[in-house]
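Engineer: First the structure, then my questions, so here it is.
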């Protein structure tokens, strides 16, 4: 199994350092927006329950994938090669990364564009069209990812604390204006189903859960994987979702740039929002570019081309209104991504009995795993969006697991695997 990717024991890290990685991942604009959407359709206590259930689902498969990675010291793609085949794993995981990263790039470019337009209007009274502002910032972020920017690390150190300060200030403003009474007496004007809310929460970190092995392989033990996951995801994720929900209840809208303007945050606060989306989106463009490179078979010398493709597609999506289709995008993520974890869990923990020596990489495309993933994704989408039955992502994971176990036995006997 891909020994060149295995880490050394000296490279293992404490569970606390890994927990900080997950905490940092949760402090982001998408969590606020999803919390806002959920908050406008459920009571606050239902929001809490939906977040706990949603992140409970993600953390469950995240722990199982992470423990496998800890056992083997391998990254996600290398582990997935045992269930999807080497080429299958590279293609499918790269495709999921491309869809997620390019989509998030488009969403956050639009948020940044709205924030910048509002900020300029506040300072000058001149209104820049949001689509134009989104395109402008999408290109700025893309150029930063393609050519690099030495100050980006410093910008990261500034952006996250600045965002936290702005959110705390927003909450103070919201509650000082009678927000306590509004939240306490809140009854949603239009109801959202609890199942839909859970699926949205799952979508917020679905990809992070599947590729968590890239980080969890540095854990010192299975126990450390579980501790870092639970303590890194749950507290910060719950807080961010609740902040988004409360602000949306007080203002009546979930779009974070409009929310901050509605509660009276000064234009300087919108600067923090621009910085936060900028730093995050550079990562989206970079990771999306790597995924496109893998899909197209490009070498490292053509990375700038693939990164440009990813960023330009995301920018176009921002300009044509992907933000207005945010919920549809989340539904796609919650259906497509969790079943990958399902086949990996079935392969390692059930078929392989959780033993490292039973993990065998397959060449090419491994049909049982690929078919099981496709079946799981289809079931997740249908039961989550068309004929609603229980929780779509959970249905997809369980279906993918069962399908893999059955297909591997049947096809192995028939010599077709």
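Every residue, even glycine, has its Cβ placed from backbone N, Cα and C.
Any TrEMBL annotation is an automated prediction that lacks curation.
Checked TrEMBL, it gives:
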TRANSMEM  15-38  transmembrane segment
TRANSMEM  44-67  transmembrane segment
TRANSMEM  88-108  transmembrane segment
TRANSMEM  128-147  transmembrane segment
TRANSMEM  154-174  transmembrane segment
TRANSMEM  194-213  transmembrane segment
TRANSMEM  225-250  transmembrane segment
TRANSMEM  256-278  transmembrane segment
TRANSMEM  303-322  transmembrane segment
TRANSMEM  328-351  transmembrane segment
TRANSMEM  363-382  transmembrane segment
TRANSMEM  388-407  transmembrane segment
Engineer: What stretch in 15-38, 88-108, 256-278, 303-322, 388-407 has the biggest tally of Cβ pairs under 8 Å against the transmembrane segment (225-250)?
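Structural biologist: Between the candidates 15-38, 88-108, 256-278, 303-322, 388-407, the best contact partner of the transmembrane segment (225-250) is 15-38.
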Engineer: Before we move on, state whether the transmembrane segment (194-213) and the transmembrane segment (303-322) share at least 3 Cβ pairs under 8 Å, counting only pairs 6 or more apart in sequence.
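Structural biologist: By the criterion, they do not touch.
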Engineer: Looking only at the recorded stretches 44-67, 88-108, 128-147, 154-174, 256-278, which one has the largest tally of CB-CB distances under 8 Å to the transmembrane segment (303-322)?
Structural biologist: 128-147
Engineer: So, does the transmembrane segment (363-382) come close enough to the transmembrane segment (256-278) to give 3+ Cβ pairs below 8 Å, pairs being at least 6 apart in sequence?
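Structural biologist: Answer no: the transmembrane segment (256-278) and the transmembrane segment (363-382) share fewer than 3 Cβ pairs below 8 Å.
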Engineer: Are there at least 3 C-beta pairs under 8 angstroms linking the transmembrane segment (128-147) and the transmembrane segment (328-351), leaving out pairs fewer than 6 apart in sequence?
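Structural biologist: No, the transmembrane segment (328-351) and the transmembrane segment (128-147) are not in contact.
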Engineer: If contact means at least 3 Cβ pairs within less than 8 Å, sequence distance 6 or more, would you call the transmembrane segment (388-407) and the transmembrane segment (44-67) in contact?
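Structural biologist: Checked: the transmembrane segment (388-407) vs the transmembrane segment (44-67), in contact.
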Engineer: Are there three or more C-beta pairs under 8 angstroms joining the transmembrane segment (88-108) and the transmembrane segment (363-382), sequence spacing 6 or more?
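Structural biologist: These two stretches do touch.
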Engineer: Quick test of the contact rule: Cβ under 8 Å, at least six residues beyond the ends. What residues does that give for the transmembrane segment (128-147)?
Structural biologist: 105-106, 109-110, 112-114, 116-117, 120-121, 274, 277-278, 281-283, 285-286, 289, 304, 307-308, 311-312, 314-315, 318-321
Engineer: Where among 15-38, 44-67, 154-174 do we find the most Cβ pairs under 8 Å to the transmembrane segment (88-108)?
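Structural biologist: Result: 15-38.
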